[in-house]
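Straight from TrEMBL, the features:
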- 223: active site, nucleophile (ACT_SITE)
- 299: active site, proton donor (ACT_SITE)
- 22-32: disulfide bond (DISULFID)
- 82-87: disulfide bond (DISULFID)
- 178-179: disulfide bond (DISULFID)
- 403-441: disulfide bond (DISULFID)
- 1-19: signal peptide (SIGNAL)
Ligand SMILES: *[C@@H]1O[C@H](CO)[C@@H](O)[C@H](O)[C@H]1NC(C)=O
Ligand SMILES: *[C@@H]1O[C@H](CO)[C@@H](O)[C@H](O)[C@H]1NC(C)=O
Ligand SMILES: *[C@@H]1O[C@H](CO)[C@@H](O)[C@H](O)[C@H]1NC(C)=O
């Protein structure tokens with residue numbers, strides 16, 4: 001109790017000084033050597049670029065900076081640059097001055113990325129909107145296949161050198177695939193053996209150790225295993241994450257490492273593990289290589305999902321008092337949710353039709369034939385069965401209640417979902433994957449009319465008609481139905497009353 005109060009006092013004193021997380025790490029003697037955030041500056045004096053976006057209409061880029069020194073990102077600058085088109089996050093800048101920027105991850109040992117030339121996807125620039133003390137900002141929404149990396153860094157720990165890592169993440173966005181990581185990885189993007197990584201992992205992954213209950217957990221990815229402690233099996237002290245915004249910490253020094261976590265909106269961090277390295281060959285001493293990854297495993301395993309708001313890597317093993325002050329600073333940043341939908345209301349409980357807006361096709365409506373979603377010319381001359389096939393119930397999103405799902409009016413209990421980025425009308429199979437693939441966030445129409453219907457799980461993908469078939473398409477993506485020509489019109493729909 002007295003130790004707790006003295007730490008709390010120490011943190012309160014520290015936060016009276018205007019400072020960012022990396023100022024606390026510096027004054028604690030373990031400076032940031034990488035500092036990444038699309039939401040805010042991580043040093044009180046930082047005014048440089050936070051991230052770069054590239055837009056679909058002409059491949060032009062712009063850098064987003066804080067509104068003021070040490071402040072929140074200027075999301076309005078992104079919104080105006082990206083108006084009438086789509087944008088992706090192409091660079092997440094390193095604020096530490098060491099040039100450890102994160103860019104689109106190349107193919108690795110385990111997996112070639114799904115994008116052109118085996119690269120991973122870039123994240124949609126507006127896939128993870130939040131507010132920080134009321135100011136809008138965007139996080140990095142990592143869908144499976146998305147990843148960022150830097151294999152030629154400066155100042156990041158190598159060998160058994162000590163380091164600290166923290167990240168602020170969305171505690172409700174995860175899966176069990178490998179690996180939603182942020183931290184230290186192989187410079188070759190290949191698995192070079194135990195102890196060649198030291199990254200913060202978040203999700204349901206199992207492999208050597210896990211936390212208690214059914215997860216999700218903050219774990220450490222030290223290569224060839226996710227770790228919650230020093231031995232195989234369950235570390236009951238590594239509690240499942242239950243917060244919308246979570247602060248996670250993984251840090252390591254010779255022979256020793258730790259996991260901490262806490263609610264990024266209030267309170268302090270708890271230590272979930274602090275002790276020896278895993279008791280398998282290769283982890284003591286460590287053989288860290290010093291590359292940086294975000295959203296993927298060290299060998300580019302790219303099946304995981306999660307959302308990253310901010311994070312750093314330090315030189316040196318940060319003292320607990322420093323991390324206490326950093327957590328207080330994160331809480332003071334005031335992370336909060338904001339609506340995922342925009343444009344004309346597409347209300348839960350309504351029954352709707354969706355009319356195409358491309359000049360070719362303005363008499364065509366989103367319909368289905370069996371499980372295939374398509375567009376069909378529809379009018380009052382159609383039979384009532386045909387009209388029902390072009391009519392949809394708007395229900396609460398199966399995978400996220402902030403968005404919606406579309407239930408077929410003629411096949412109750414079946415919903416529009418994407419699979420292989422094609423749209424189908426299917427009944428749920430009980431999986432989280434189905435629920436998230438059937439969840440859609442209606443937003444203001446990309447071409448300026450009506451709505452675009454964005455995938456919750458892949459926010460760079462929208463309902464699109466292409467050769468009269470329904471897809472979840474991305475602007476300029478790797479498949480033929482991602483073609484940039486007519487993308488804005490093909491992904492914009494007039495949502496009106498149901499036909500039947
Ligand atoms: C953007 O760049 C990509 C890759 O070089 C290219 O395929 C595409 O045509 C470009 N798009 C535009 C609108 O210039
Ligand atoms: C695309 O949409 C815009 C805005 O609604 C419209 O003015 C234009 O005619 C459309 N073009 C095509 C080819 O559909
Ligand atoms: C409406 O009728 C036309 C003409 O028969 C047909 O081509 C179209 O597919 C029908 N629409 C639907 C939704 O079935």
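Glycine too: its Cβ is placed from the backbone N, Cα and C atoms.
Feature annotations (TrEMBL) mapped to structure.
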{"residue": "22", "record": "disulfide bond", "Cβ contacts under 8 Å, 6 or more apart": "31, 32, 35, 42, 43, 95, 96, 312"}
{"residue": "82", "record": "disulfide bond", "Cβ contacts under 8 Å, 6 or more apart": "53, 55, 125, 126"}
{"residue": "87", "record": "disulfide bond", "Cβ contacts under 8 Å, 6 or more apart": "53, 54, 55, 56, 78, 81, 124, 125, 126"}
{"residue": "178", "record": "disulfide bond", "Cβ contacts under 8 Å, 6 or more apart": "110, 205, 207, 297, 301, 303, 304"}
{"residue": "179", "record": "disulfide bond", "Cβ contacts under 8 Å, 6 or more apart": "199, 201, 203, 205, 221, 226, 296, 297, 301, 304"}
{"residue": "223", "record": "active site, nucleophile", "Cβ contacts under 8 Å, 6 or more apart": "185, 186, 191, 192, 193, 194, 195, 196, 197, 282, 298"}
{"residue": "299", "record": "active site, proton donor", "Cβ contacts under 8 Å, 6 or more apart": "108, 109, 110, 111, 186, 189, 190, 191"}
{"residue": "403", "record": "disulfide bond", "Cβ contacts under 8 Å, 6 or more apart": "340, 341, 397, 439, 440, 441, 442, 456"}
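Taken residue by residue with DSSP, residue 441 (disulfide bond) is part of a strand. All protein chains considered, the CB of residue 441 (disulfide bond) has 23 other CB atoms within 10 Å.
Residue 32 (disulfide bond) carries a strand DSSP state (E or B). DSSP assigns residue 178 (disulfide bond) to coil in the three-state reduction, outside any helix or strand. Counting every protein chain shown, 30 other Cβ atoms lie within 10 Å of the Cβ of residue 32 (disulfide bond).
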